[in-house]
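Visitor: From Swiss-Prot, for reference:
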COMPBIAS  44-67  compositional bias 'Polar residues'
COMPBIAS  421-430  compositional bias 'Polar residues'
COMPBIAS  439-448  compositional bias 'Polar residues'
COMPBIAS  526-541  compositional bias 'Acidic residues'
DOMAIN    201-297  domain 'CRM 1'
DOMAIN    319-415  domain 'CRM 2'
REGION    14-73  region 'Disordered'
REGION    420-448  region 'Disordered'
REGION    453-475  region 'CRS2 binding'
REGION    526-549  region 'Disordered'
TRANSIT   1-43  transit peptide
Amino acid sequence: MAIVASLRDINLFSSLPSTPPMADSSSGTFRPAPPIPIPKYAPSNRNRNQKTNHQTDTNPKKPQSNPALKLPHHRTRYYKPVKEGVISSDGDRTILIGDSGVSYQLPGAPFEFQFSYSETPKVKPVGIREPAFMPFAPPTMPRPWTGKAPLKKSKKKIPLFDSFNPPPAGKSGVKYVEMPGPLPFGRYPKEGMNREEVLGEPLKRWEKGMLIKPHMHDNRQVNLGRDGFTHNMLELIHSHWKRRRVCKVRCKGVPTVDMNNVCRVLEEKTGGEIIHRVGGVVYLFRGRNYNYRTRPQYPLMLWKPAAPVYPKLIQEVPEGLTKEEAHEFRVKGKSLRPICKLSKNGVYVSLVKDVRDAFELSSLVKVDCPGLEPSDYKKIGAKLKELVPCVLLSFDDEQILMWRGREWKSRFVDNPLIPSLSETNTTNELDPSDKPSEEQTVANPSTTISSPKMISLWQRALESSKAVILEELDLGPDDLLKKVEELEGTSLAAEHTYTAMVLSNTDGAAEDYVDEKDRSEEYYSDIDDDFDDECSDDESLDPVGPVGSLPVDKIVRKLRERLK
């Protein structure tokens with residue numbers, strides 16, 4: 001124990017806590033760490049400015065050299081005036097400015113690509129709102145080195161969709177692929193190299209009805225809105241044609257003002273044929289010999305390009321007017337009643353005709369567009385300016401105010417329509433050229449006021465013998481009643497008369513039939529009827545049963561027995 005006690009710094013009572021060393025007063029008091037960490041707040045603006053000033057003095061920051069951070073975005077006011085021709089090129093990939101606006105030309109493409117093929121103005125743009133670059137994917141993209149070699153391609157060959165050799169109906173995991181057709185009996189599809197070969201023979205009326213009826217109450221369709229027929233809709237229509245022979249396209253809004261242009265663009269770009277059209281609904285047939293595997297494939301647009309800058313539609317001094325006249329027309333247009341009211345996402349098929357008819361009686365016409373986007377009714381005004389034609393005066397208060405222009409000519413040159421004077425009509429005193437001259441009023445004292453629609457209805461009634469022109473105006477009540485009775489008889493005879501013949505056989509039987517050759521073929525508008533009446537003799541349908549087994553044959557036998 002004496003030896004152990006002689007050792008220094010040895011605690012004989014190890015179980016007891018050792019005495020802690022004396023804390024140095026210079027080092028400060030010891031504080032244990034808190035159970036919850038203290039949050040670190042951002043430095044104040046004063047401290048931040050001091051630090052930044054200190055850094056700029058000692059170690060100045062280098063400017064950011066990343067070009068991606070310098071590109072303009074939708075909040076920047078980018079504007080660059082352009083001229084007609086090539087504005088950007090990358091090898092064979094060029095961006096053009098022409099009559100069709102901004103178009104993109106790719107090597108091997110059948111036509112110049114655009115964002116919208118139907119809603120591009122006919123006026124050349126004067127500037128662009130973003131740098132000229134392609135909205136398509138680049139042809140090649142180098143793979144960055146990731147430390148590993150790229151994966152090998154799969155050896156499994158995935159079969160492509162082939163309309164001529166579709167997968168079997170009972171195969172699991174494969175959707176239905178529509179076969180080509182309809183084809184006459186005994187004929188087979190063949191590969192088509194151009195549009196005429198893919199379409200094949202023209203469809204008959206009963207074939208059109210057979211193709212359209214399943215789509216009448218089906219919502220599987222392509223919706224066409226304010227942008228019109230866009231580039232990516234080409235691939236969308238072909239994806240519809242993969243499953244069905246007819247693609248239903250429903251148009252609403254701005255494109256319906258000029259449906260003829262929409263139908264023309266659809267047939268040109270897709271290669272199909274429009275077999276039926278009702279209002280804003282179009283039925284697009286793919287063709288008898290269509291094959292999804294050999295369809296034309298186009299690159300998709302990855303984003304919507306910014307619309308270019310076009311000249312202003314509303315000029316302060318329109319062509320053919322002075323500044324005072326334009327101001328007077330705009331003031332009088334505020335009290336003018338609109339001819340119609342356009343609803344949002346509506347179908348404006350008859351708008352151009354209504355504006356032309358309104359110009360027959362007034363030099364100013366106003367169309368009300370409540371609730372429409374400003375870009376929508378401005379596009380509608382641009383279309384009316386080109387199709388009617390007319391001069392745009394104002395877009396104030398969501399209304400389109402138009403003037404028919406100096407060079408306007410009436411469609412009714414022989415019998416011009418004379419507007420009636422009324423207190424509510426303020427358009428009669430707008431243009432002195434609109435007032436009828438005294439010679440016209442004296443020469444035609446019996447001219448009545450009527451709209452072009454009523455005149456067309458009267459002409460149709462005269463042609464169908466439902467109306468008659470009275471040559472004598474001074475008729476008594478009895479004579480007028482006789483004329484009315486004669487008209488009723490002729491109209492009923494015209495409606496219920498048809499060519500019928502009665503042929504008597506030796507047995508005394510009689511057969512009645514109607515000759516349908518003289519029946520006028522109207523435009524195909526109603527598909528709820530039967531379409532089997534236009535089958536040709538060489539391609540007639542197969543008989544339903546043996547001869548003499550139909551119920552009609554039994555009725556004929558009974559009639560023959562009675563006649564005997």
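Even glycines carry a Cβ here, placed using N, Cα and C.
Distances, neighbours, how buried they are, the whole picture for these features please.
Guide: As a whole-number mean, the pLDDT of the domain 'CRM 2' (319-415) in this prediction is 92.
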Visitor: Report the DSSP secondary-structure composition of the domain 'CRM 1' (201-297) as helix, strand and coil residue counts.
Guide: 39 helix, 22 strand, 36 coil
Visitor: Treating G and I as helix alongside H, and B as strand alongside E, what does DSSP give for the domain 'CRM 2' (319-415) in helix, strand and coil?
Guide: 37 helix, 16 strand, 44 coil
